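Colleague: Please find one structure pasted underneath; my questions will follow.
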Amino acid sequence: CASGYQPYKDLDIYGTDSMKKYRGQTMGSLEPHIFAVAEQAFNKMEIENNNQSIIVSGESGAGKTVSAKYAMRYLAFRSKSKTETENEKKVLASNPIMEAIGNAKTTINDNSSRFGKYIELHFNDRNHITGVSMQTYLLEKSRVVHQASHERNYHIFYQLYSSRNMFPQLKLGDSDKYNYLNSLQISDNDSQSINET
């Protein structure tokens, strides 16, 4: 914000006190919360000994990544896992790379996810988290060769192109040598704005 005023602030609804509040509660007994969903999944896994899935969906910018992070944090809390922060950090550290490869500018959002993620937490027989794995699914392969008007390719394309002088081994020439780049009219300002996203 130009005035320096930040209208957003963290709410105290994702801390340890909230996690304790939802522990052992049935779905619907408390107000809706990502912890309620995670509690139900953990409870069913523990009692029924069945694998569980939590699907986090929503429009671009709705908070899917943050919701998945809180669900993982809650499951680590419930499993009394000492690896909570380690696993969470590993998943979150991969996010900027994933976004560069899988996010693109659309007419609605400059940083829209065009891919899906599947995060799998591994539990042992005592329901403690022992590891985590993540798979990604590129849902919009057509964007690689064509974009709608006012939309763009994946961020990584512009980031590599704007860094071509730093990485001569990539052997990327000037834009006038490529039909694709000629039709896009890329400028260094465009690349800079993507790098700042």
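Glycine is treated like the rest: Cβ placed from N, Cα and C.
Pulled these from TrEMBL:
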| type | residues | note |
| --- | --- | --- |
| BINDING | Gly58, Glu59, Ser60, Gly61, Ala62, Gly63, Lys64, Thr65 | ATP binding site |
| DOMAIN | 1-197 | domain 'Myosin motor' |
Colleague: Give the residue from the binding-site residues Gly58, Gly61 that has the most other Cβ atoms within 10 Å of its Cβ, counting over every protein chain displayed.
Modeller: Gly61
Colleague: Applying a 10 Å Cβ distance cut-off over all chains shown, what neighbour count does Lys64 (ATP binding site) have?
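Modeller: There are 17 such Cβ atoms around Lys64 (ATP binding site).
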Colleague: What is the set of residues, excluding Gly58, Glu59, Ser60, Gly61, Ala62, Gly63, Lys64, Thr65, whose C-beta falls within 8 angstroms of the centroid of the C-beta atoms at the ATP site?
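Modeller: Not counting the recorded site residues, we get Ser113.
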Colleague: Write out the long-range same-chain contacts of Thr65 (ATP binding site), meaning residues 6 or more apart in sequence whose Cβ is under 8 Å from its Cβ.
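Modeller: Thr65 (ATP binding site) has long-range Cβ partners Asn95.
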Colleague: When you measure from the Cβ of Glu59 (ATP binding site), how many other Cβ atoms are you left with inside 10 Å?
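Modeller: If we count other Cβ atoms within 10 Å of Glu59 (ATP binding site), we arrive at 11.
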Colleague: Tell me the Cβ neighbour count for Gly63 (ATP binding site), meaning other Cβ atoms within 10 Å of its Cβ, over all protein chains shown.
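Modeller: A count of 13.
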Colleague: What's the most sparsely packed of the binding-site residues Ser60, Ala62, counting other C-beta atoms within 10 A?
Modeller: Ala62
